[in-house]
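Undergrad: Pasting a structure here, questions to come.
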Amino acid sequence: MDYFPIFCQLQHKACLLVGGGEIAERKARLLLDAGALVTVNACEFTPQFHHWADQGQLSLISGEFVPELLADKWLVIAATDQLSVNALVYQSANQQRIFCNVVDDPKRTSFIMPSIIDRSPIMIAVSSGGKAPVLARLLREKLEALLPQHLGQLAGNLRQRVKQHFTVMTERRRFWEKLLTHDRLAQSLANNDHVQADQHVEQLFSAPLTDRGEVVLVGAGPGDAGLLTLKGLQQIQQADVVVYDRLVSDEVMNLVRRDAERIFVGKQSGHHCVPQEQINQILLQQAQSGKRVVRLKGGDPFIFGRGGEELEELAGYGIPFSVVPGITAASGCSAYSGIPLTHRDHAQSVRLVTGHAKKEGQLDWANLAAEKQTLVFYMGLSQAGEIQQQLIQHGMPATTQVALVENGTSRHQRVVSGELSQLALLSQQVSSPSLIIVGSVVSLREKLNWFSSRHHDDQPKVTECVAHVG
């Protein structure tokens with residue numbers, strides 16, 4: 001984080017603006033809107049500055065900038081076209097520990113002025129730190145279109161009434177969520193139809209807020225937070241409680257609503273930190289207490305995630321539930337490794353297989369060893385030797401290509417590859433969570449490996465290893 005986002009209360013605070021042109025004029029409008037006591041210093045001023053001065057809205061000081069003008073000022077903005085003047089303003093402000101913004105000069109700036117969406121009392125600031133101004137502008141435009149003009153004012157007017165009407169914090173939050181996502185209310189505000197808007201508000205106050213809890217099963221995807229679905233993001237930002245496991249990345253957890261309770265039930269193959277039965281009970285108890293619970297699972301909750309078992313338990317007690325699918329590890333890891341799971345010349349089908357089946361004969365190895373298909377083993381590291389032995393024993397060529405993807409789709413992704421006869425050895429080079437991909441499609445990785453070929457200064461390089469038969 002290059003800049004600490006902060007909102008300043010500038011009402012009746014003395015601020016200095018150096019510059020009298022059109023750019024300075026835009027900065028002056030912002031300071032005046034914030035209620036600041038504005039002094040403008042320049043050799044020449046636009047007519048608008050003279051108009052403001054005549055109206056008593058700001059003060060003008062004609063002449064060259066001198067450091068003494070900074071006395072008793074809270075902040076200063078330099079908006080001249082003279083680099084030497086801007087540099088002097090910045091240097092003088094720095095010496096006096098006064099925040100200074102030099103327009104279009106990030107190196108001589110101790111604070112930045114973001115794009116602003118004003119829905120007072122709701123204020124939204126968007127900034128790229130000067131590195132992507134077009135992106136910041138596009139985001140502002142989208143937010144401007146998304147938020148009705150009078151929404152913030154309506155929320156401010158209702159605040160005290162909501163506080164009195166709903167004594168429980170969770171009830172207040174749910175009321176606000178309903179109000180702020182009410183499409184017809186938003187349309188009424190956009191149309192300036194305040195009578196209709198008031199009717200929608202009254203309906204929300206009179207509608208019962210159920211105390212009945214619910215559970216939403218959300219797939220967090222394989223690691224990269226950008227692969228979390230929009231609906232998944234909405235759910236984790238509305239949750240009272242988030243129950244999550246170790247396969248959910250820190251980047252995804254950073255998107256969870258800050259005041260939501262977080263319950264870690266991490267587990268891994270062969271070692272259950274929290275027994276499945278206890279996880280079921282946690283979900284049940286939290287929902288029965290009237291909370292909105294998100295069960296957040298890595299990948300997709302219905303693919304080797306035991307999501308079905310958890311929902312069966314909830315269904316038995318009549319707890320409402322829903323499911324938000326996620327990108328499963330097989331899809332994410334293969335895509336980020338440049339390995340297509342199907343290909344007309346290599347594989348006409350793909351099989352997702354659990355790698356820690358413990359009962360002898362549980363897997364149909366003869367079928368798995370068939371040609372023209374791709375195998376993806378989940379949780380298979382500890383059984384890599386068994387997988388290698390069984391597939392070769394049932395007819396799969398020992399030279400079949402394999403790849404192991406560790407921490408797939410994350411910046412720490414590692415891929416090791418080789419032949420089936422080396423699988424047990426390769427498994428010792430990676431750690432969990434890892435995915436095993438078996439099939440001739442792995443040979444396409446060298447051609448299609450887009451992710452590790454990208455070099456980012458702020459990201460560790462993705463590691464690629466290839467084992468060769470001696």
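Cβ coordinates come from backbone N, Cα and C, glycine included.
Note that the structure is a prediction, hence the values are computed from the model and not measured.
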Undergrad: For the S-adenosyl-L-methionine site that Swiss-Prot describes with Pro222, Gly298, Gly299, Asp300, Ile303, Thr328, Ala329, Met379, which of these is also annotated: Gly316, Gly395, Gly408?
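TA: My reading of Swiss-Prot gives Gly408 as the candidate in that site.
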Undergrad: Whose Cβ, among the recorded positions Glu22, Glu44, Asp245, has more other Cβ atoms within 10 Å than any of the rest?
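TA: Compared across Glu22, Glu44, Asp245, the most Cβ atoms within 10 Å surround Asp245.
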Undergrad: Let me spell it out: for each of the binding-site residues (Ile23, Cys43, Ile303, Ala329), count the other Cβ atoms within 10 Å of that residue's Cβ, using every protein chain shown. Which one has the most?
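TA: Max Cβ neighbours within 10 Å, all protein chains included: Ala329.
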Undergrad: Taking Cα atoms as reference points, rank the binding-site residues Glu22, Ile23, Cys43 by distance from Gly408 (S-adenosyl-L-methionine binding site) and give the first.
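TA: For Gly408 (S-adenosyl-L-methionine binding site), the spatially nearest of the binding-site residues is Ile23.
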Undergrad: Tell me the Cα distance separating Gly299 (S-adenosyl-L-methionine binding site) from Cys43 (NAD(+) binding site), rounded to the nearest angstrom.
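TA: Just about 63 Å between their Cα atoms.
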Undergrad: Could you tally the C-beta atoms, other than its own, that fall within 10 angstroms of the C-beta of Gly299 (S-adenosyl-L-methionine binding site)?
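TA: By my count, 29.
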